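**Q** Sharing a structure, written as structure tokens. Questions coming.
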Amino acid sequence: MFCYQCEETMNGTGCTMNGMCGKKGDVAVLQDRLIYALKGYAFCNSRGRTKDCNDSDFGPFVMEALFSTLTNVNFDAAYFEQMIQETIKRRDVVRNAVHNGAPPGPHAPNAAVITYEELMTKTAEEIGILSIENVDVRSLRETLIYGLKGISAYGIHALILNSESDEIYQFIEKALVSTIEDSPLEKPNVDQMVALLMECGSIGVKIMSMLDTANTGTYGSPVPTAVSTGVGQKPGILISGHDLKDLEMLLEQTKGTGVDIYTHGEMLPANAYPFFQKYDHLVGNYGNAWWQQKSEFESFNGPILMTTNCLVPPKDTYIDRLFTTNMVGWSDGTVSAKHIPANSDGSKDFSEIIALAKTCAAPKEIENGTVMTGFAHDAVLSVADKVVSAVQSGDIQKFVVMAGCDGRRKEREYYSDFAEALPDNTIILTAGCAKYRYNKLDLGDIGGIPRVLDAGQCNDCYSLVVIALKLAEVFGAESVNDLPLVFNIAWYEQKATLVFLALLSLGVKNIVIGPTLPACLSPTVLDVLVQTFNVSKNTDVESDMKRLITL
Ligand code: FS2
Ligand code: SF4
């Protein structure tokens with residue numbers, strides 16, 4: 001196997017035996033085969049589009065497939081075998097329609113004609129990342145694929161709330177086709193591949209905006225909320241991941257059952273939506289970022305529902321209480337987590353989880369306080385006057401965007417240290433699970449404005465963009481680069497890759513990322529990013545404080 005899509009990749013270069021995330025070699029090569037098959041499906045669908053016989057379900061299916069290959073989503077070999085089979089079946093339907101049942105032409109790429117049986121014999125070396133010999137082409141293509149995974153993750157959440165866009169589906173199709181090695185079409189040159197990455201970033205802004213509209217249209221605009229981190233006396237269900245519709249269905253089905261609901265990880269910001277606040281049995285948030293789940297799921301005592309990433313290979317002590325849904329899956333070939341499927345109308349039956357919860361002890365207390373969230377764009381912009389006068393008076397010197405992901409590496413303590421070392425006249429704007437590194441620190445407020453403003457999940461980085469653009473407008477700045485605003489972001493997986501591309505597509509410069517640079521960036525591609533956008537890696541707290549804040 002070879003995988004270098006996330007920040008924890010082995011030695012900062014690539015996982016080659018088993019993934020640091022727990023992904024086994026057999027699942028890694030199945031994911032390579034699925035992506036290969038998706039490229040062939042995209043190729044045939046693009047031909048079908050010109051003859052009006054493309055698959056109308058192409059976008060949703062491909063988004064599901066790509067999302068399932070994102071880090072920490074699905075570890076189940078059987079799932080990927082079935083998805084590869086389904087992709088080839090769908091591809092063949094479109095291809096036959098394009099050719100009126102005749103065999104494909106001699107110039108069709110292999111991904112458009114390979115059979116399921118043949119594909120299942122292909123190795124990672126033959127069809128995976130390292131099959132692309134030119135290191136820069138490999139870098140640009142893989143970064144694009146990771147951006148597509150991010151688009152797909154956010155696209156699926158929007159789709160679940162009945163929001164979709166053919167523009168986004170057509171981009172996914174075009175981008176997949178652009179990565180085909182033996183394509184009969186003219187291959188994009190390096191400049192065109194860089195342009196595709198920027199387009200991917202723009203589509204990222206669109207999908208995050210669409211999801212923001214879908215979320216706020218369905219659940220209301222988040223309001224600043226102090227969320228309890230303690231526990232009650234009743235048994236509970238812990239819901240983790242990002243999917244708000246699952247939370248809605250779970251809350252409805254647990255009404256009056258005597259079972260409490262707790263959020264975990266990226267589900268914390270759900271507590272700030274007015275819609276969810278009407279449920280008294282949504283009692284608070286249990287635990288921290290995804291990587292601490294092994295101890296937190298154990299001490300929670302009740303069932304856990306993983307609606308999306310980040311799933312860590314479970315311990316025996318709670319595997320019987322772990323349920324997955326959507327694209328999430330876990331199996332080691334012998335033991336599997338129970339999967340809750342969606343019915344054809346999107347509804348789900350959580351009765352098995354609820355019945356199990358009733359037999360479990362209440363969660364063990366691991367904290368007892370509150371944590372603030374709910375500072376999405378509407379909440380922050382409603383106090384824009386206060387913010388502007390605080391900047392004008394010098395009470396606020398700088399805004400520091402510290403959004404992104406958390407991870408288990410020790411180097412990430414940097415983010416807590418950096419937050420603590422920031423001068424009192426700075427405000428942290430955050431979103432994503434990176435916040436758990438500093439959202440429980442007592443950093444105080446500036447004239448009633450908390451020094452850590454949590455806009456929500458990683459997709460809610462869109463809120464930070466809206467806030468930055470509004471500040472630029474209010475201050476008459478030409479761009480966000482002219483604001484007292486710096487970026488020190490933490491990345492882990494492919495949604496963060498998309499958010500990064502989205503920021504670049506908006507022309508944001510001087511972004512500092514860490515704790516390492518993406519391994520998929522070749523020296524040449526990195527050089528382009530440095531020359532064009534002055535992107536750099538974080539260093540140590542003292543040096544970064546000097547270059548970002550005090551200079
Ligand atoms: Fe955090 Fe993990 Fe949100 Fe990422 S829960 S690192 O995949 O999606 O951010
Ligand atoms: Fe390694 Fe990350 Fe790939 Fe997992 S997702 S195999 S940790 S690079």
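Using N, Cα and C of the backbone, Cβ positions are placed for all residues, glycine too.
Take a look at what TrEMBL says about it:
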BINDING   C3, C6, C15, C21  [4Fe-4S] cluster binding site
BINDING   H242, E266, C310, C405, C433, C458, E493, K495  hybrid [4Fe-2O-2S] cluster binding site
MOD_RES   C405  cysteine persulfide
**Q** Restricting the comparison to the binding-site residues C3, C6, C15, C21, which residue's C-alpha is spatially nearest the C-alpha of E493 (hybrid [4Fe-2O-2S] cluster binding site)?
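**A** When the Cα distances are compared, C6 comes out closest.
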**Q** Cβ distance under 8 Å to C3 ([4Fe-4S] cluster binding site), same chain, sequence separation 6 or more: which residues?
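**A** T9, G14, C15, G19, K23, A28, Q31, I129 - these are the non-local Cβ neighbours of C3 ([4Fe-4S] cluster binding site), listed in sequence order.
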**Q** Rank the binding-site residues H242, K495 by the number of other Cβ atoms within 10 Å of each Cβ and report the first-ranked residue.
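**A** That would be K495, with the highest Cβ count within 10 Å.
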**Q** Considering Cα atoms only, can you say which of E266, C405, C433 is the nearest neighbour of C21 ([4Fe-4S] cluster binding site) among these binding-site residues?
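**A** Result for C21 ([4Fe-4S] cluster binding site): the nearest of the binding-site residues is C405.
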**Q** For the binding-site residues C3, C21, E266, C433, which residues place their CB under 6 A from an atom of ligand 1?
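**A** Once distances to ligand 1 are taken from each Cβ, E266, C433 fall under 6 Å.
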**Q** Starting from the Cβ centroid of H242, E266, C310, C405, C433, C458, E493, K495, which together make up the recorded hybrid [4Fe-2O-2S] cluster site, report each further residue of the same chain whose Cβ lies within 8 Å of that point, ordered by sequence.
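**A** Going along the sequence, the neighbours come out as G265, W290, N309, G432, Q457, Y492, A496.
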**Q** Using an 8 Å cut-off from the Cβ centroid of C3, C6, C15, C21, can you name the remaining same-chain residues around the [4Fe-4S] cluster site, in sequence order?
**A** Y4, Q5, E8, T9, M10, G19, M20, K23, A28, T71
**Q** Listed binding-site residues: C6, H242, C310, C405, K495. Which have a CB under 6 angstroms from an atom of ligand 2?
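**A** Among C6, H242, C310, C405, K495, near ligand 2: C6.
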**Q** Whole-number answer please: how many Å between the C-alpha atoms of E266 (hybrid [4Fe-2O-2S] cluster binding site) and C6 ([4Fe-4S] cluster binding site)?
**A** 18
**Q** Nearest by CA distance to C6 ([4Fe-4S] cluster binding site): which of the binding-site residues is it, out of C433, C458, K495?
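**A** Going through C433, C458, K495 one by one, the Cα closest to that of C6 ([4Fe-4S] cluster binding site) is K495.
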**Q** Long-range same-chain neighbours of C405 (hybrid [4Fe-2O-2S] cluster binding site), Cβ under 8 Å, sequence gap at least 6?
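**A** Counting only residues 6 or more apart in sequence, the Cβ neighbours of C405 (hybrid [4Fe-2O-2S] cluster binding site) under 8 Å are E7, G432, C433, A434, C458, A490, W491, Y492, E493, K495, A496.
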**Q** Drop a 10 Å sphere on every Cβ of the binding-site residues C21, C310, C433 and tell me which sphere holds the fewest other Cβ atoms.
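**A** Across C21, C310, C433, these binding-site residues, the one with fewest Cβ atoms within 10 Å is C21.
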